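Among the features that Swiss-Prot reports, active site is placed at 154, 289, 310. Summarising the annotation, Swiss-Prot assigns disulfide bond to 151-193, 185-225, 283-335. The N-linked glycosylation site annotation in Swiss-Prot covers 353. What Swiss-Prot lists as motif 'Prevents secretion from ER' is 357-360, and the listing cites sequence analysis. Annotation source Swiss-Prot lists signal peptide at 1-20.
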């Protein structure tokens, strides 16, 4: 039977950087077909996008609609977040959904009859209240933003971000680990570029360990498992747990202790072109994308947010991150962020022969 397809100051600086990496435009650029065409050519040059003439004409029509949407949204004076003309500029939302947010995590979990949150939650009885804010980037537990490309491997990037985090917290060493090993080798239930689940990936790493990004670099496609590297793990974990579902307080308690893997619905226009600010936009709970929460905080006006590390490259969002509204009335959280959270457990030392001195 075929397996189912799953699937502070620093922030200010990140905001400016995200703007610099997108293509700015003004009313003048929207004034005519010629000016819009010139903007499209500028966008294509910036992103080195090659198109034949027929495809270019078709994509130009998509581009115009996207520019109009971004412009009209950014005219809203009270919007707490902004959109930008990023690398998805001539892609329809349907194409974006299928290529970057196509892992129906919740649907495929239910297909397999998997029940969440049947085990314990190690942070449930932590005595002290979590800090008002935390940023694991500032604590040195987060590697640079990576890019999954047009491969549905978000589940691998989410998993690796959490494992990189707990490894740094426990060992003091930040090591960039291999998503490609999961894509190629974790194939019992996960399906590489066709999607997967973070819990399965945690189980794989618990059994096999994981090697470094440098040793097993990302290829943006499914490949044959490199068994020699599979047998030479650098980092290990001892298990994983799920955060109690639909409970942002429990999620906050977990994030206060380590980066956490979560699933969200990320397929809307607001996500496609998100640039900066706290995302409060429209989204549902059809979980289709795996990411990692690496902190939380609040703006000066009191808007609470999660700091979320994405895997769409540094140009998207706040240099690859998005701040998502926290503490909303829906217990499932913004875009379902509190529905499917999990994290690795590490109590043992890494394999003795491993060398965790890796480039970042």
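Heads up, the Cβ atoms here are built off N, Cα and C, so glycines get one too.
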For residue 289 (active site), the three-state class that DSSP assigns: strand
Cα-Cα distance linking residue 289 (active site) and residue 335 (disulfide bond), given in Å to the nearest integer: 10
Distance check against residue 193 (disulfide bond) for the recorded positions 185, 225, 289, 310, keeping those with Cα within 10 Å: none
When distances run from the Cα of residue 185 (disulfide bond) to each of the active-site residues 154, 289, 310, the nearest one: 154
List of residues, in chain order, with Cβ under 8 A from that of residue 151 (disulfide bond) and at least 6 apart: 183, 192, 193, 220, 221, 222
Top Cα neighbour of residue 289 (active site) in the set of recorded positions 154, 225, 283, 310: 154
Collapsed DSSP category at residue 225 (disulfide bond): coil
Per-residue Cβ crowding (10 Å cut-off), top of recorded positions 154, 185, 193, 225, 335: 335
Listed recorded positions 225, 283, 310, filtered to Cα within 10 Å of residue 154 (active site): 310
Rounded to the nearest Å - Cα separation of residue 310 (active site) and residue 283 (disulfide bond): 17
Sequence-distant neighbours of residue 283 (disulfide bond) in its chain (C-beta under 8 A, six or more apart): 264, 265, 266, 268, 270, 271, 334, 335, 336
